[in-house]
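Here is what TrEMBL records for this protein:
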BINDING   V102, N106, S341, L427, S431  Na(+) binding site
DISULFID  C204-C212  disulfide bond
TRANSMEM  91-108  transmembrane segment
TRANSMEM  120-140  transmembrane segment
TRANSMEM  170-192  transmembrane segment
TRANSMEM  258-276  transmembrane segment
TRANSMEM  288-311  transmembrane segment
TRANSMEM  331-350  transmembrane segment
TRANSMEM  362-380  transmembrane segment
TRANSMEM  418-441  transmembrane segment
TRANSMEM  453-472  transmembrane segment
TRANSMEM  484-508  transmembrane segment
TRANSMEM  529-548  transmembrane segment
TRANSMEM  564-588  transmembrane segment
Amino acid sequence: MEFGQGAYVNSSYAISRTVSTASIPGEYRVREEEPGDVKKVQTLQNGDPIKIGIWSSTPSLDQNGNKYLSNDLAITDNHKLPKRDNWSNDIEFLMSCIALSVGLGNVWRFPFTALDNGGGAFVIPYLIVLFLVGKPVYYMEMLLGQFSSRGCVKVYDFSPIMRGVGYGQVLATGIVTTYYATLMALTLRYFIDSFYPLLPWSYCRKEWGELCIDSDLSDKQQSSSSVDVKTTSAEFYFINIILREKSNIDDGIGYPNWTLALTLAISWLIIALILIKGVRSSGKASYFLAVFPYCIMLVLLARSLTLPGAFDGVLYFLRPQWNKLLDPKVWYAAVTQVFFSLAICFGNIIIDCTIITTLDTFTSLLSGIIIFGILGNLAHESKTSDIKSVVKGGPGLAFISYPDAIAKFTFLPQIFSVLFFLMLFVLGIGSNVGMASCVMTVIKDRFIHTKHWIIVVCIAVTCYCLGLLYITPGGQFILNLLDFHGASFVALVLAIFELLAVGWIYGVKRLCQDIHFMLGIQTSWYYRLCWGLITPALMAAILIYTLIQYEPLQYNGYTYQSGLYIFAWCISAFGIGQLLFWAIYAILKSPGDCCWDRVKSAFKPKCDWGPLDSNNLQIYKYHINELKIDAMFRRNGFWYRIYDNIFG
């Protein structure tokens, strides 16, 4: 990766294998052994600060072709350097980023979030939030992980009092993991059903009544002059056959569906085997994993746009509704969707920023156009202009609209159905392995003597038992409740504290100094302003506005019982409460003669904060001490410190 003329990339900071770097939908890299066994400290001809380099086969040149000047300071290491994670070429790197950009957050979550928030009313806030929140936070998490080679909890060694942010994010990740695996169970059920001679969701049953409309648009479908909005057979099949969904859960959620319980067990078995064996994905696999999903989605796009009325649905999706920009719910949904799409603020990120965020947005918009094109066709068939009324929203939307589009293929729809749900299952595997790896890393750090396979089995069994809740007749009600209170709301609050911890406790200036030490580049004003001011202010404003305008959560018009609301808020409080619990723990463990000294010490980086390699750590400490000496001769004062933190 090039950073400009004369830039120097410190190769000691190649992505570490000791930290969980799995990200949605997985990691696709090859392992290369860098030549040489001597590490040295060099000074570049262009006068850049001292940095750590690794000698290549041409010792007089760094990895960017710059000549070294001799330096007396050298640190020798007689041991062979460990293998580094890297891509073998630029195209493979690009394919890996494309593969990582396609996940369940894009294909499954984005369409129903857009539908629930007004279509075009959601897209504009989503793009704004992506630019002001998604890209800066993604870049920040990527840099912190790559610089320190620490997981999502230990990375807060830069300010131990904020370690509760990492633990809270792990709890949110664990909740998401339980219901993401349930999506895999649904996908596997549809995959099996795709082998029937006639797709079982393509036609109406008699018990579904006259308001059912065949998804395959076959000749046996009769036209009707009824003004009632019709429902596709794909939706009836998902609700009545797959989920057996109840109209309410006042009398309980019911018992799990045995077929989904079986497919859920298969899903967790596959996840557990991957976690036990370890993710050793070759970068060559990324060529298939990057191209295959887009091929399937582009075919779906072509089919959906050729349906009558499709463009009305697409216009509903893309047409801005400026009056909705003042609705806090839309902004809240935009922030949480960015979290899920990019997997930020959940503690499992290390990958290139600009490419991945751009492709992530493209994938989300592509999925949205496909879904809303199908909804436009359904509105046309139902003779209504109200796009939102033609289908139930919520997490099940993707399992209604995608099968509905597949059923409309005239030539062997079974083949395309098999390929599509296989694609969705692969995406689900990557998503769950990435999140489960994040949880597993934290557990291993706390129980270092426990065998790896025991931790994996415990995670799989626990998550499977919890996942049974979602495949009951009332499971979607529970999923909707936990998605808000256990995942998205907790992630939003903790993200604000994460930005405050990095931007103002550790400091934007210190982070930018680390970036220059690691990569030899200067951080732009865009990232500095976002980290220090714009992003935390925007997210805090959205959170406050959302709480002021808060209304009890509903699912398809159903209001939960008061006991469930209390339970849900207890989950939120437990996740956010990790801040207080681990802050107290950090203060008690910090050195100091009195309580105030311990509090101040808990805000400062630990003595071993920095690069994982001991030699690099010593040079980093020397580098930081010199910067502190320089800072002693600069101006002081409150407003100057604020200015210096952002632009210094």
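Glycine residues also receive a Cβ, built from the backbone N, Cα and C atoms like all the rest.
Just so you know, TrEMBL annotations never went through curation; they're auto-generated.
Most Cβ pairs under 8 Å with the transmembrane segment (418-441) belong to 170-192, among the candidate stretches 120-140, 170-192, 258-276, 529-548, 564-588. Proximity of N106 (Na(+) binding site) to non-local residues of its own chain (separation of 6 or more, Cβ distance below 8 Å) is seen for S341, D360, T363, S364, S367, given in sequence order. A contact links the transmembrane segment (288-311) to the transmembrane segment (362-380), because at least 3 Cβ pairs that are 6 or more residues apart lie under 8 A. Same-chain residues lying 6 or more positions outside the transmembrane segment (453-472) and placing a CB less than 8 Å from one of its CB atoms are 174, 177-179, 181-182, 185, 243, 253-257, 260-261, 264-265, 268-269, 271-272, 275-276, 436, 439-440, 443-444, 447, 478-479. The Cβ of C204 (disulfide bond) lies under 8 Å from the Cβ of C212, I213, D214, S233, F236, each on the same chain and at least six residues away in sequence. Here the transmembrane segment (120-140) does not touch the transmembrane segment (564-588). Their Cβ atoms form fewer than 3 pairs under 8 Å, with each pair 6 or more residues apart.
The transmembrane segment (258-276) is not in contact with the transmembrane segment (362-380), judged by fewer than 3 CB-CB distances under 8 Å for residue pairs 6 or more apart in sequence. Panel annotation: around the transmembrane segment (362-380), residues 101-102, 105-107, 110-111, 114-115, 119, 123, 126, 213, 230, 232, 297, 300-301, 304-305, 307-318, 337, 341, 386-387, 390-391, 397-398, 401-402, 404-405 of the same chain, lying at least six beyond its termini, place a Cβ under 8 Å from a Cβ of the stretch. Most Cβ neighbours within 10 Å, among the binding-site residues S341, S431: S431 holds that distinction in the structure as shown.
Listed recorded positions: C212, L427; maximum Cβ neighbour count within 10 Å falls on L427.
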